[in-house]
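Report on one structure; see the data block that follows.
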Amino acid sequence: MSGRFAVILAAGQGTRMKSKLYKVLHPVCGKPMVEHVVDQVSKLEFDKTAVIVGHGAEEVKKTLTEKIEFVMQPEQLGTGHAVKCAEHLLASQKGTTVVLCGDTPLITAATIKKLMDTHEANGAKATVLTAHAPDPTGYGRVIRGNQGQVEKIVEHKDASVDELAIAEVNTGTYCFDNEALFEALAEVKNENAQGEYYLPDVIGILRQKGETISAYQTDSLSETMGVNDRVALSQAEAAMRKRINEEWMRQGVTIIDPQTTYISADASIGQDTVLYPNTSIKGPSVIGEDCVIESGTEIASATLGRGVHVCSSVISNSVVADGSSIGPFAHIRPGSDVGENVRVGNFVELKKASIGTGSKVSHLTYVGDAEVGSDVNVGCGVVTVNYDGKNKHKTIIKDGAFVGSGSNLIAPVEIGERAFVAAGSTITDDVPSQALSIARSRQVNKDNYVKKDV
């Protein structure tokens, strides 16, 4: 019985990135490059997926949680050597093997499937994913025979002047008959400018044996882009951002200026939501339908319900329920839970705070480590004083309470249901339900305190 296998090459050090971070772990739209590739592969029915790792292997293993197998390439001796490291997993298997690069984050499942379909339809032993490159510098060239058949692939550094003029390039993605692949790998030599074992040499070896070699030429060179330095990383980021934004617009999201709008690969956005220019949706954020996200807003790994309005604010690792309004210039820090129809206004900071339905925290307020009930009014300049220099303490404000402007609530403290705190109070003890608490000195006016002749 024939199987389908995938090998993802992710062992390169990536010295041109000039980074301490392992190359394939550099993010594109918030997700590591290699994870983009694995996600696309996982959409197809492969019996086994192997990721070849070397430098930073443990970090790659931590990043990828799919059911895949990791193969160590102890020395980076070329792409042919990398695939050969998976011999113990695949060599005895009948079927088709797709080889992809872990630094090609734009590759899609649709293109991989077309490559495999072409391979199987032609009864080929190897099929190369190729593309037309206006500037083929750095790419391996696809050399074809008189009948248009693929004869071999020549790396840029080893190409002749005539071969360098060829614009059809090897993208680094292949489909092989699995048994033929590993038989040919045993014959690959490292007699080249780099002294490495090149996977493309398998094409020439199979062709010399009279085997059928085919090619599938994609019309999207950008999809096959390999990322080797920060310039290419920025180009991949721009292409992925464009793809993501256009997909959300097709699904009913209004993006006023796609060029200045960032949406992570893991985000989800509901229909009829409007994103203004200079907005950033990071991580696995979920934004409901009919929301308005105005300029200058950053939403990071947060969940927004339906009809939420956010203006020039930051919301991180928190939940905002239906119909609530945030900002301008509010900061919703991790662990906060904002209920339905809540108003969190300008220059308000929440941290590990829950705000009940219909409550208002409108101006210049800090609410941290707090539980605020429903229909509560928190006045301007209120501070929950939660830190004693060593430990954090909780403030509880129950349903219907009113906290006057300029009040300090010294935690741990509880404000009872429908209780009132007078403006300017410093509350150190619990306030009973329906009570009025005034915790400030009486006003004393000193007549003639300032002499008239001063």
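Any Cβ shown, glycine's included, is placed from N, Cα and C.
The model shown is predicted, which means the values in this text are computed figures rather than measured ones.
If you check Swiss-Prot, you get these features:
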type	residues	note
ACT_SITE	His363	active site, proton acceptor
BINDING	9-12, Lys23, Gln73, 78-79, Gly140, Glu155, Asn170, Asn228, Arg333, Lys351, Tyr366, Asn377	UDP-N-acetyl-alpha-D-glucosamine binding site
BINDING	Asp103, Asn228	Mg(2+) binding site
BINDING	Asn386, Tyr387, Ser405, Ala423, Arg440	acetyl-CoA binding site
REGION	1-230	region 'Pyrophosphorylase'
REGION	231-251	region 'Linker'
REGION	252-454	region 'N-acetyltransferase'
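Take the binding-site residues Leu9, Ala11, Ala423: by the count of other Cβ atoms within 10 Å of each Cβ, the lowest one is Ala423. Under a cutoff of 8 A between CB atoms, and with a sequence separation of 6+ in the same chain, the neighbours of Tyr366 (UDP-N-acetyl-alpha-D-glucosamine binding site) are Val348, Glu349, Lys351, Val382, Val383, Thr384.
In the structure shown, the C-beta of Lys23 has more C-beta neighbours within 10 angstroms than that of any other entry among the recorded positions Lys23, Arg333, His363, Arg440. Residue pair Ala423 (acetyl-CoA binding site) / His363 (active site, proton acceptor) shows a Cα separation of 14 Å.
Cβ neighbours of Asn386 (acetyl-CoA binding site) (same chain, under 8 Å, six or more residues apart in sequence): Gly368, Asp369, Ala370, Lys392, His393, Lys394, Thr395, Ala411. Here the candidates are the binding-site residues Gly78, Asp103, Gly140, Arg333, and by Cα distance the one nearest His363 (active site, proton acceptor) turns out to be Arg333. Same-chain residues lying 6 or more positions outside the region 'Linker' (231-251) and placing a CB less than 8 Å from one of its CB atoms are 17, 26, 28-29, 33, 36, 105-106, 222, 225, 258, 261-265, 269, 271. Residues within less than 8 Å, Cβ to Cβ, of Asn170 (UDP-N-acetyl-alpha-D-glucosamine binding site) and separated from it by at least 6 positions along the same chain comprise Val128, Leu129, Thr130, Tyr139, Gly140, Arg141, Val142, Ile153, Pro200.
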